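S.K.: This is the structure, below, for whatever I ask next.
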Amino acid sequence: MEQLFTFGIVGLSTAAIYAIIGSGLVLTYTTTGVFNFAHGAAGMMAAFAYWQLTEGWGLPVPLALILVLVVLAPAFGLLVERLVLRPIQGLGDAERLVMTVAMLSGLIAAARWIWDPNEARSLPRFFENTDAIDIGPATVTWHQALTMIVAVAVAIGLRILLYGTRIGAEMRASVDDRALVGLTGANPVRSNQVAWILGTQLAAVGGILIAPAVSLDASQLSLLIVSAYTAAIFGRLRSLPLTFLGAVVVGCLESYLTGYLPQNDYLPGLRLAAPALLLFLSLLVFPHRRLRGRDTKARPVPSPSLQGTLLFAGAVVLFGLVLASLLGEGDLITYGQIFSFGVIALSYVPLAGYAGQISLCQLSMAGIGAAVWAHAGADGQLWALPLAVVIAGAAGALIALPALRLSGVYLALGTTAFAVILDRWIFTLPSFEVLGLNISLFDGGTVDVAGPSLFGWRLDDGSELMVFAAVWLALASLAIAVLRRGRFGRQLIALRDSEAAYATLGGNLLLSKVAVFALSAGIAGLGGALYGMQQRSVTAEQFGLVAGLPLFLVAVVGGLTAVGNGLFTGVAVGGSFPVISAAGAFAQNITSVLPALAGLGLARNPDGAVPEIRSGYEPLGRNKPVLGGLVVALAGLWVLQLQDVLDGWLTFGLALFLIVAAQAAATALEQARAARSTDTDVPVEWWGVRREWRREDEEVLARGIAGG
Amino acid sequence: MTPLLELRDVRAAYGKITVLHGVSVSVSAGQVVALLGPNGAGKTTSLNVAAGTHPVQSGQLILGGRDMTGANPRDLARAGICLIPEGRGVFPNLSVRDNLLMMTFTGHSRAEIEAVAFERFPILAKRANQPAGSMSGGEQQMLALARGLATDPAVLLLDELSMGLAPLVVGRLYEQVAEIARQGVGVLVVEQFAAAVLGIADHAAVMVRGRVEREGAPDSELRAELSALYLGSST
């Protein structure tokens, strides 16, 4: 009985923290319409800043609290509102979501950069030396009591602010109709600022209160937010009382699981994954008023030509061959990721790009693929590769069933929960048996991964595996292009544009979603298997939620609807990051922040970088002499490097220079030709056919239409 | 009579497409001006320009003799412009009382606003704590119109007040609009349901393709021209 009380008190104290953090989340969402994935990361930064001020620099606790809660947290909130969220105010839910995911990834990377993760840090509890209070059979520490008092104060304060003041009405009105708020003479920007300041302060309070109970780790602290997400979903992202109730359920569940869960090899992970499981269940159980999201700005999906994609696929294989011939064994392992990451990133294209389903667990699917290949393909049996694809695809189909009820933010949360359940529990399990079938994933540590055997030819050399992965990336890119041009591709785009219209036209939502989730997870599983082969051994951590965020962000920056996105993301994450990291520890830190910075830049180019790069290089594609010259020059460099005349870095630098210079030359030549042309007599209907389409043509036509 | 609100030779565009080609309209105190015309004529854009929610390419926006061209919607609202946009100008998730609270940013007290709104539309008092979005269309328009009554604006801009409402409700709402005008407020109404608004309008302007093609008193000649415009004519 005493134990029951004790765990109850611990649970309520934890619940109070989740309630504080969750209410901040609800506040920003109800006021600004932005679900802040980085809310926990803001709390994490506040906890680190508080540690730095008190433990690092020895400032008194009250002064440190004032500095963090009254100066740093509001300043951070204002900065986020001004620099990150105001530019994307007019964009859709997906873009806003990506921005906060970018912030989450960026803040974790920044904290690891500033505070060395290898150094252990801890924070003392408040009133640590004061005697605990006895309540019946249980005792309550002053830290726990303080936590609960703060939570109650927050609840009352927020209630009064939102429902008893004019600024509260203004904040709630901003979500309904920002334009109308302006028309009433109120200031929607001010209400957003207040929301972000208060939201960040609440995250900071939560971060500082919870930090003494856990180790001060950037990723762990940021992901404590999953429990607060669950609490917020209990409140359907709008009700503060229900959010508090949700926090009590989550806090007590965690506490009692710690106390009463049997100790064996299989269940400790369940306690860690419990909030995520609960989040997943609550997403399914509670009805959502904004279930269908508000994203009405679906962007056009380009339809790649078969000829162009074939050329692209050929170029991918050629690129793999050239790289494989130039790199040493160590570099082959490092840069071999280019193609396997490329395949994993390509899995976002049908799912997020075509069907508009945002998933944050694609790397987890890759982990399943890697684990299946590691065990089933231990001797290189080629049949294990389709098996890896099928099993990852089946896991994807499993997510699709709940996904039928979810979209936008809710789907992103659901897939996050799924990734956390795999991370913290399933991937950490030792071998187990289900219905007589022995299942092994990562065996609680590292698993060795073998290369495949192609009809007796064993691929275990780094260069062979790189070419093998390049061929698969080429094939996967081709398959996605064919899919886009076919019936299923059109169905997915229709589903993205309007689920209701798709269903009323006779489309089967369940079937289409299951199919695209399974397809996408299968592609990710293939990428995971290829990644494992290249790395020779894999651990569960390589496929965690946080590890997958940079890949997702770079894929979004590339443009989720572009078939070339696989190569773009692969080269960016698997190629350019190691290249930059080679310059030292500082550069390594830069690369960890880069995806987040790139994601934050999304507001400038929501269509992605790949379409822009493609249109930038079109003049080079049209100019056969310059293109031919470039190919010959690159081939020359390749030969010189093979002969050891040039060193690797010089070849890389020269190749990069040649490619950029050829593009610039081709563009300049084309512009000069266009300027010289005297084709004023070409009739308007032939513009863009008998002569090049010019930027100013659009305006001329617009004027003509408006005037006519 | 000196106009309260004037659009002088206003040009406005969506991207590169120009939709207003030098529109001039004026509204005096106590006057109801109807802005009529077919779809795509530029009526709503003209209202949005007057409320500051759409930028002006060239031309002037004059309010009470002051050049307010380029002013933002908030400043124009505080200077006396009140736009009731198309499709119910209310906050659906806020209660009726909170919707009325949102009208206090123009400088009026909550008690003052509630007194006027509840006196004019008693049904709103009964629905005071109900979310505005859960009321009927007519009731929502009453709440929106309450802004025009309670905040004492200089000019009321109404966009398609009749949209989705039964003719009987529309008639009652326009009676309230006439009452607001009688109190000295200038009213500029955009309406496709021309018959409803011409009954109370003092002046009408007919827009076609971003230009005011015809304006004057809403007499039988103008009504005939309007019929020809909507239904087509052999002349």
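Don't overthink the numbers, they just go from 1 along the chain as shown.
Yeah, the Cβs are placed from backbone N, Cα and C, and that goes for glycine too.
Copying in the features that TrEMBL gives for the protein in this structure:
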- A:6-27: transmembrane segment (TRANSMEM)
- A:34-51: transmembrane segment (TRANSMEM)
- A:63-85: transmembrane segment (TRANSMEM)
- A:97-115: transmembrane segment (TRANSMEM)
- A:142-162: transmembrane segment (TRANSMEM)
- A:268-287: transmembrane segment (TRANSMEM)
- A:333-351: transmembrane segment (TRANSMEM)
- A:358-376: transmembrane segment (TRANSMEM)
- A:465-483: transmembrane segment (TRANSMEM)
- A:514-533: transmembrane segment (TRANSMEM)
- A:545-568: transmembrane segment (TRANSMEM)
- A:649-669: transmembrane segment (TRANSMEM)
S.K.: Taking pairs 6 or more apart in sequence, does the count of Cβ pairs under 8 Å between the transmembrane segment (A:142-162) and the transmembrane segment (A:514-533) hit 3 or more?
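M.R.: Stretch pair does not touch.
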S.K.: Please determine whether the transmembrane segment (A:465-483) and the transmembrane segment (A:333-351) are in contact (criterion: at least three Cβ-Cβ distances under 8 Å, sequence separation 6 or more).
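M.R.: They are in contact.
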S.K.: Cβ under 8 Å, sequence separation of at least 6 from the ends of the transmembrane segment (A:268-287): give me the contacting residues as numbers and ranges.
M.R.: 226-227, 229-230, 233-234, 236, 246, 249-250, 253-254, 257-258, 261, 402, 405-406, 410, 413-414, 416-418, 420-421, 423-426, 428-429
S.K.: Would you kindly check A:6-27, A:34-51, A:97-115, A:358-376, A:649-669 and say which stretch has the most C-beta pairs under 8 angstroms to the transmembrane segment (A:514-533)?
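M.R.: The stretch with the most close Cβ contacts to the transmembrane segment (A:514-533) is A:358-376.
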S.K.: Of the listed stretches A:34-51, A:97-115, A:333-351, A:358-376, A:649-669, which one has the most C-beta pairs under 8 A with the transmembrane segment (A:6-27)?
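M.R.: By the under-8 Å Cβ criterion, the transmembrane segment (A:6-27) pairs most with A:34-51.
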S.K.: Which residues of the same chain, at least 6 past either end of the transmembrane segment (A:34-51), have a Cβ under 8 Å from a Cβ in it?
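M.R.: For the transmembrane segment (A:34-51), the sequence-distant neighbours (Cβ-Cβ under 8 Å, at least 6 residues beyond its ends) are 21, 24-25, 28, 64-65, 67-69, 72-73, 76-77, 80, 85, 96-97, 100-101, 103-104, 107-108, 110-111, 114-115, 121, 123, 199-200, 203-208, 210-211, 216, 218, 221-226, 228, 237, 409, 412-413, 416.
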S.K.: What residues elsewhere in the chain lie close to the transmembrane segment (A:649-669), defined as a C-beta under 8 angstroms and at least 6 residues from its ends?
M.R.: 326, 579, 616-617, 619-620, 622-623, 626-627, 629-630, 633-634, 637-638, 640-641
